[in-house]
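Engineer: Heads up, here are the entries from TrEMBL:
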- 48-171: domain 'Nose resistant-to-fluoxetine protein N-terminal' (DOMAIN)
- 1-20: signal peptide (SIGNAL)
- 180-202: transmembrane segment (TRANSMEM)
- 287-310: transmembrane segment (TRANSMEM)
- 341-359: transmembrane segment (TRANSMEM)
- 380-402: transmembrane segment (TRANSMEM)
- 445-467: transmembrane segment (TRANSMEM)
- 474-501: transmembrane segment (TRANSMEM)
- 521-539: transmembrane segment (TRANSMEM)
- 551-571: transmembrane segment (TRANSMEM)
- 594-621: transmembrane segment (TRANSMEM)
- 633-655: transmembrane segment (TRANSMEM)
- 661-682: transmembrane segment (TRANSMEM)
Amino acid sequence: MATLLYRALVVAVVMPSVYAQLIVMNVVIEQLISAIERKDMTAYERVTPRCLNDTIQFVVDYRYHGNIKTYARQMYFSSGYLPADGEFTMTIKDFGDYDLCHAIKPEVGVNGFGGLYCFSKTDIKPLSTVTADIGVCFPDSCTDQDVPVFVSLVFSTILGRMPISYAPCARKYDLRAGDYVAILICVVLAIVIISGTLYDALRRRCRQNTRLLQTPSPRNYTLESQLLSDEDAVACQSNSDLDIHRRDNPRNCGNKCREFVQGCLLSFSLIEVGHKMMITVHGKSSIACLNGIRVLSMFWIILFHSYLFLAQYYPTIDNYRYVIETMGARWSVIPLWKGDLAVEAFLVLSGLLVSYLTLKQFDRCGGPRHHNWFLFYFHRFWRLTPVYMFVLMMYTTLVLYVSDGPLWWQWYGVQEECRADWWQHLLYINNLIPFPGDTGGCFGWTWYLAVDMQLYVLSPIFIIMFYKSRNGGVCLTTSAICVCLAISAYFATVQGMTFGADTKKYRKPEYDEGAWLYTKPWYRLPNYLVGIVLGYIFFKLNGEKVKINKFLNILLWGCAFAIGLAVVYGVDTSIRGIHISQGAAVFYVTTHRFAFSLAIGWVIFACTTGNGGLVNALLSWTAWLPLARMNYCAYLVHLIVILVYDFSLKSLYYYSTMGFAMDYIGIVVITYGVAYVVAMVVELPMIGLERVIIPSKYKRT
């Protein structure tokens with residue numbers, strides 16, 4: 001029905017003049033001329049006088065001069081089309097020409113105004129369930145409230161009513177108070193980095209022939225020092241990476257203060273930090289395969305978000321129907337939109353490291369009672385928060401000045417939301433507030449960091465139980481997993497949650513809409529516990545290999561791959577339009593992430609115990625190490641990179657497999673390039689600063 005109505009709209013608007021009437025601005029001109037000839041300007045009462053006068057001048061210069069003025073032609077052809085093929089493509093939008101509009105400048109004796117590009121969005125129901133998004137060009141004397149009046153009148157003659165329309169316009173961005181604060185912080189940071197780097201360079205030059213200067217050695221990068229990557233869990237007890245900060249000889253106050261300042265400067269030295277970043281030698285007791293899993297999981301997450309915000313983002317996609325109906329039905333596309341499963345790998349790794357490293361510390365310090373629990377939590381907060389807040393600050397302020405485009409106005413809403421909600425991120429409760437929360441909102445993808453922090457806070461309960469009693473740990477872990485799965489099954493049932501690509505709910509939701517499962521700790525705890533159990537197993541093995549019968553090993557690998565493939569491709573029935581029973585849907589929603597975590601757990605166990613073969617060789621490749629150290633920053637910035645690209649598009653994005661593949665590669669490269677810079681100037685310096693503030697002798701408990 002909507003298709004027939006849209007066809008009627010196209011016929012009514014297009015047929016009188018097959019080409020000209022496709023341009024929305026042509027309808028605006030005809031309506032304005034008609035109003036002037038009738039001497040009835042009632043419809044334009046809400047338009048400011050200057051905007052109306054300048055628009056009339058444009059109409060006169062375009063329509064009534066024998067030789068149409070250049071600026072008038074620019075303004076006319078800068079405006080978008082009402083697509084004639086919308087009934088086939090499901091695309092009722094056109095950006096027009098953003099740059100051509102902004103190229104219009106005031107000319108003495110010709111026009112006293114420049115061009116103002118506005119992106120109009122109009123509700124045209126029942127012709128279409130989506131808005132008509134058309135880029136238009138008006139005199140820059142118009143306001144964001146003036147332009148919707150003209151656009152609404154275009155559609156009112158077809159709809160028989162005045163539709164709701166709004167048109168955010170692209171104007172010059174003025175620096176705000178928060179922007180000045182961000183600039184000040186960046187300047188101070190740059191001064192500290194330059195000072196630290198110069199001091200380190202001079203120090204190295206003066207002491208290059210002595211043994212007083214000690215640089216990090218590859219053998220220092222043991223499992224404990226993998227805290228440089230994004231899934232570290234507990235405070236690093238070894239301070240050998242910064243030997244200059246370790247002094248066992250008595251010192252007077254002056255020496256201590258001098259060494260403290262020196263340590264702070266060296267923490268921000270690009271020479272020191274760069275050396276650590278690029279080391280590609282595994283430590284003697286490190287779990288080498290974790291680095292490959294980390295990086296490949298991050299690649300998958302970037303692929304997932306790239307597909308969502310390029311191929312399936314309606315405001316920018318041109319061939320929307322092709323992507324949804326043709327590409328969406330192909331089995332090869334399923335891994336693209338199931339990339340959210342990569343988060344389970346992060347949770348398993350996080351649980352593994354916090355469990356393994358904490359248990360080792362229990363052995364060193366004499367048990368949980370002698371463990372420094374303040375530093376346990378302080379380290380995690382310090383490890384994640386400074387760089388997190390820095391990226392959030394840039395996202396909320398200076399990213400606005402990076403680019404521009406028809407959709408660039410969307411940053412305003414995003415940044416206003418972040419100005420109000422930043423404290424939720426600081427407290428790691430952004431996945432819960434406002435309850436039940438969702439996956440959108442300010443810095444929406446960082447719900448994972450909130451979940452990870454919340455599970456980290458709970459982790460000692462399970463770790464201590466395993467340390468005291470293996471059977472007690474198994475019972476507690478099993479009980480927690482069963483309770484969480486039961487809670488998940490309950491919410492999946494009462495909320496009528498859908499399966500895969502199926503959009504039809506099984507029942508009316510019992511509670512308000514929101515992310516009752518996806519971003520909640522009770523949904524993710526079972527996956528985290530898989531990692532905690534693995535950490536306990538590795539702690540007990542103490543580096544020993546496990547010999548598994550060849551045929552049993554092949555069988556277990558086959559089971560792991562089968563589980564992984566079943567979880568990813570199990571949603572194929574929903575793509576083919578098969579509506580399964582609610583019981584089957586609830587079972588999948590409840591268990592598929594836990595099952596995938598078990599498969600990841602087997603891969604880690606097999607690779608670590610000598611049963612990984614070629615898979616272990618790939619995942620343990622030393623080239624993963626530098627990328628793994630950038631992974632946390634890559635997670636923070638990757639969606640910013642995608643959104644900057646998305647909002648900067650000045651024409652509709654036409655999806656093709658090859659084009660998307662090239663875009664994806666570019667996004668990955670830029671993401672890790674930005675992550676490298678952020679890690680070098682914020683993340684790693686803050687890790688080094690912690691080791692200065694809390695010397696190793698105070699960390700030993």
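Using the three backbone atoms N, Cα and C, a Cβ is placed for every residue, glycine included.
A quick note: this is a predicted structure, and the numbers were derived from the prediction, not measured.
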Engineer: Residues of the same chain, at least six outside the transmembrane segment (287-310), with any C-beta under 8 angstroms of its C-beta?
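Structural biologist: Same-chain contacts beyond the flanks: 223, 226, 229-231, 316-317, 333, 335-343, 345-346, 349, 352-353, 445, 538, 600, 603-604, 607-608, 612, 616, 618-621, 624-625, 627-628, 631, 634-635, 638-639, 642-643, 645-646, 653, 655, 660, 663-664, 667-668, 671.
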Engineer: Given the transmembrane segment (445-467), which of the listed stretches 180-202, 341-359, 474-501, 551-571 has the most Cβ pairs that are under 8 Å apart from it?
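Structural biologist: Answer is 341-359, with the largest number of Cβ pairs below 8 Å.
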Engineer: Below 8 angstroms Cβ to Cβ, which residues of this chain, lying six or more residues outside the transmembrane segment (380-402), approach it?
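Structural biologist: For the transmembrane segment (380-402), the list is 173, 176, 178-179, 181-183, 185-186, 227, 232-234, 411-412, 414-415, 418-419, 422, 425-426, 442-443, 446, 449, 453, 456, 632-633, 636-637, 640, 644, 678-679, 682-683, 686-687, 690.
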Engineer: Verify whether three or more Cβ pairs under 8 angstroms connect the transmembrane segment (633-655) with the transmembrane segment (521-539), leaving out any pair fewer than 6 apart in sequence.
Structural biologist: no
Engineer: Tally the residues of the domain 'Nose resistant-to-fluoxetine protein N-terminal' (48-171) by DSSP class, grouping H, G and I as helix, E and B as strand, and everything else as coil.
Structural biologist: 46 helix, 24 strand, 54 coil
